[in-house]
Amino acid sequence: QSSNSLKASYEDWLLTYGLSISPFHMRWQTALFNRQFYNWGRWKPRFLYLWFSIGMVFGILAMFGSVILLGKTLMQTLTQMLTEAPKAQNDRMLQVVVSVLSSGLYWRVVPGVNLPVSQLTYFFSAILISGVIHEVGHGVAAIREQVRFNGFGIFVFIVYPGAFVDLFTTHLQLISPVQQLRIFCAGVWHNFVLGVASFMGLFLLPAILFPFYYTGVGALVTEVAEDSPANGPRGLFVGDLVTNLQDCPVYSVEDWNSCLGDISEKSQVGYCISAATLQQLSFPARVYRRLDGTVECCSNNSLTDICFSYSNNLDSHLYACLPARKVIEASKVCRSNMDCQKDFVPSFCVTPSLENQTRLIRVKHPPHIDMLYVGHPMHLQYTVSLSSFVPRQNFLSIDLPVVIETFCKYLISLSGALAVINAVPCFALDGQWILNSFLEATLSSLIVEKQNRELVGFLILLAGSALLAANVALGLWMVTAR
């Protein structure tokens, strides 16, 4: 009996505070914000009418668009599954954002699998804010259409946060289908507006932060991973400003990524060296081929010497083991000997003879000595974090613009994903109610019997649910299997 009494007390306590707890799901509902919702719903009625009418049109278009998008995504996923050499997955945050935005699917992002742990705060905060803005749209639209508003709440399902509003169902059923559409489409509409606002904030960020940060002068190093090849006494440090990668100028993070992409796709560049200097620096070494077919000519296990290949008028396959820094520093980048002819001084274009996909990259970060990086360009991209914003004063944080920029990107992608998912004509999503109200508003004169209209809606919902389920299953398989 004491156990039953304790259970009853616990349930009363949960009810008092609006809490509900069940396996994998916890939610909290309150009437504390009802007054604020009613104030919003009664503010400028004509404007709100126009606002939610535009949202209604957008929501209907989004419903049809989401089906097309899901169909396209499903076909792309199936094609990728059947391809023998699928595209490599990029685990960096920006790639995750682009993937979510382009497909509009939450299930592409699995925390701890293809989402870095360092990004979890951005991810969950963006989901919660997107959910709250979504439900605020429903709540304000409902009050505008004279539907009773019971309360607002938030929930956590497994680890994913969200929000909801409690509306009086009887009132919803009594209003016209067009009024229902304005309410049901409001969530998708508000998510779209939030995504656009976040995009504008991201686009205008350089102008907004201009009094405190300037841009267009290079990529500022904000973090270097401990296991990064760029970490070391002659590597990169937090606060360094990268201005060049080889002969590729760097004015922003986008330039850094673009330059590294070009370097990885193109063949290794060479460096001009005079014949006299080549003869002075080189020393005899045994030439042998690696397993991948490339040539190595440095056999002294030196960390400073690299095998270079070059050609002259007689032989097109010559090799020399040279000290890398002495060859590269203050040298002109070249592709052939013709690029090095100057003042009638005999010169050669010597190219590092490295393993496939490996590159020798000269990174300029004045006033420090150039960093010489040997390895895959993408390893440098993965392990060095940068910002396009340079503080005007030393006391300003170098991380603040990165935080704002990253959060805006997550809001754009996740708010867009929430809009797309909820617009799908699928059971238990906004798309179900949007579809039902849309059919009632458009087919009532063509299909007189309500049961027949409901049957048409049920078949469409069945197809939409199957399409969504197929995308979820294949999306999860793509993430976990690769």
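Here the Cβ of each residue, glycine as well, is placed from N, Cα and C on the backbone.
Look at TrEMBL and you will find 48-71 (among others) tagged as transmembrane segment.
The feature transmembrane segment is assigned by TrEMBL to 122-142 (among others).
Taken from TrEMBL, the feature domain 'Peptidase M50' covers 122-462. Model confidence over the domain 'Peptidase M50' (122-462) stands at 92, taken as the mean pLDDT rounded to a whole number.
What TrEMBL records for 149-168 (among others) is transmembrane segment. Beyond the ends of the transmembrane segment (149-168), by six or more residues, the same chain brings 18, 24-31, 33-34, 37-38, 41, 106, 111, 124, 127-128, 131-132, 134-136, 138-139, 142-143, 183 to within a C-beta distance below 8 angstroms of the stretch.
According to TrEMBL, the feature transmembrane segment maps to 188-210 (among others). Here the transmembrane segment (188-210) has Cβ contacts under 8 Å with residues 52, 54-56, 58-59, 62, 129-130, 133-134, 136-137, 388-389, 401, 404-405, 408-409, 411-412, 415-416, 418-419, 422-423, 430, 434 of the same chain, all six or more residues outside its ends.
The transmembrane segment annotation in TrEMBL covers 410-435 (among others). Tertiary proximity for the transmembrane segment (410-435) is limited to same-chain residues at least six positions away from its ends with a CB under 8 Å from its CB atoms, namely 59-60, 62-63, 65-67, 69-70, 97-98, 100-101, 103-106, 119, 122-123, 125-127, 129-131, 133-134, 180-181, 184-185, 187-188, 191-192, 194-195, 198-199, 202, 457, 460-461, 463-465, 467-468.
The transmembrane segment annotation in TrEMBL covers 455-479 (among others).
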